[in-house]
């Protein structure tokens with residue numbers, strides 16, 4: 001079944017892009033989840049939608065050749081900086097940044113879509129992902145983002161980990177929390193923009209959080225959680241893409257449903273392990 | 001001979017024009033075990049934040065290891081176990097070894113990696129607090145007392161000269177509190193680490209600390225435990241702002 005993905009170039013692009021996203025989304029998602037920032041991915045993805053709508057508007061009205069992928073990425077990165085500012089302003093209510101950014105993103109999208117008098121099916125692809133929408137240029141861009149993400153996570157792993165666990169301790173020990181956090185949120189914005197081609201705006205946060213939610217149940221320690229998250233992410237992407245292609249369903253839906261199945265499986269495994277340990281303890 | 005590693009001179013601090021600390025003058029001698037006691041809102045945590053450079057005093061000066069705090073860079077000489085350490089996210093997926101490694105993050109520096117020697121330091125710190133058997137356990141699976149030891153190991157791993165503990169026994173059961181004080185004595189007596197412990201438990205402090213400082217906006221008393229126990233009821237009441245009887249006890 002997977003053979004078609006190597007036969008045709010457009011499917012090959014999608015498959016390789018999917019593998020890259022299956023790596024970076026859960027990798028960064030591990031930090032997103034443990035920092036209790038899961039909804040930030042949702043907020044940023046909605047701003048990315050505004051950026052995509054803006055790009056499509058420019059394309060339609062002014063025939064500008066700027067890919068909506070880049071305008072989406074630009075909006076997402078700008079919104080990430082704005083999220084940080086809002087979290088600083090509302091120190092006691094940091095979660096307020098999420099509805100502000102999310103609703104702002106949706107509002108801007110509606111305005112751009114209305115000004116353009118609607119778009120063709122392109123927008124549907126951006127909402128739920130597509131198996132056929134990935135160009136070779138998109139693949140290169142996403143490969144570049146993957147390399148950036150891997151470099152940032154490798155070089156700043158210990159600082160990101162320390163900050164995620166105990167920000168006060170990190171600051172006291174001399175870590176520049178603001179700079180590291182800013183770097184983290186910008187990289188998160190890039191990953192969201194990159195993932196949208198495959199899973200779509202509405203489901204991108206799921207690919208960052210569901211594999212982590214599954215691995216956190218059964219992993220021992222942070223590095224193992226990251227490793228298992230990537231494995232679950234890749235399994236979800238491969239099964240989801242193949243199923244999406246054969247059943248002619250946007251892959252965002254099939255990828256997320258596969259992730260949910262893996263999550264349920266991990267909950268079951270954890271429960272079985274727990275019951276066995278309890279029985280052993282009673283004996 | 002006087003050998004202070006912390007010196008505060010005429011230090012004052014106010015949050016939004018509400019005076020929290022006024023004219024604080026005191027020293028922490030190398031090798032001492034100082035118990036800082038005082039009522040809630042008396043400025044104990046603020047004083048620690050000033051020492052850690054998290055707040056800047058509006059008046060006065062602070063010296064750490066003989067260097068003015070503005071120029072002090074060697075933060076690895078100071079280990080800190082925060083009041084909030086026990087309120088961490090218990091579902092956080094981190095092993096004991098990973099948590100203790102965080103104490104080396106700043107020391108190792110940006111864009112550098114842990115090596116074998118750092119791993120040995122981590123194992124040594126975990127062994128110092130008697131938790132070697134739990135090195136690869138998830139921190140969330142340990143008891144409150146065990147977690148407390150791990151946070152001390154995290155503070156010890158960078159080999160500090162001064163260890164600051166902010167109300168570390170809150171939420172820890174009596175048996176573990178006793179073990180905790182035994183551990184502090186070991187660190188103080190055998191490893192020569194200077195200790196600054198913030199606590200409400202003045203009765204216990206009289207048995208464990210070498211010095212006691214009483215803080216309620218200003219420094220009301222700084223001396224040894226026997227001098228403290230000789231304070232009159234009027235002195236203590238003036239310090240706490242209400243009637244008080246000190247019950248001296250061992251844990």
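Heads up, the Cβ atoms here are built off N, Cα and C, so glycines get one too.
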Which range of A:179-196, A:197-214 is transmembrane segment, per TrEMBL: A:179-196
Beyond the flanks of the transmembrane segment (A:39-58) by at least 6 residues, Cβ under 8 Å: 29, 32, 64, 66-76, 78-80, 83, 95, 97-99, 101-102, 104-106, 108-109, 112-113, 115-116, 119, 122-123, 126-127, 185, 188-189, 192-193, 196, 201-202, 204-205, 208-209
Long-range environment of the transmembrane segment (A:179-196) - Cβ separation under 8 angstroms, sequence gap at least 6: 20-21, 24-25, 28, 31-32, 40-41, 44-45, 48, 51-52, 69, 72-73, 76-77, 79-81, 83-84, 126, 129, 141-142, 145-146, 148-149, 152-153, 156, 159-160, 163, 204-205, 207-208
Residues from the same chain, set at least six apart from the ends of the transmembrane segment (A:96-119), whose C-beta lies under 8 A from its own: 39-40, 42-50, 53-54, 56-57, 60-61, 75, 79, 82-83, 86-87, 90
Positions on the same chain near the transmembrane segment (A:15-34), where near means CB under 8 A and six or more residues out: 5-6, 40-41, 134, 138-139, 142-143, 145-146, 149-150, 153, 160-161, 164-165, 184, 187-188, 191, 194-195, 197-199, 204, 207-209, 211-213, 215-216, 222, 225-226, 229-230, 232-234, 236-238, 240-241, 251
Recorded stretches the transmembrane segment (A:226-247) and the transmembrane segment (A:253-269) touching, at least 3 CB pairs under 8 Å: yes
Close approaches to the transmembrane segment (A:139-158) from elsewhere in its chain (Cβ under 8 angstroms; 6 or more beyond its ends): 13, 16-17, 20-21, 23-24, 27-28, 69-70, 180, 183-184, 187, 190-191, 193-194, 197
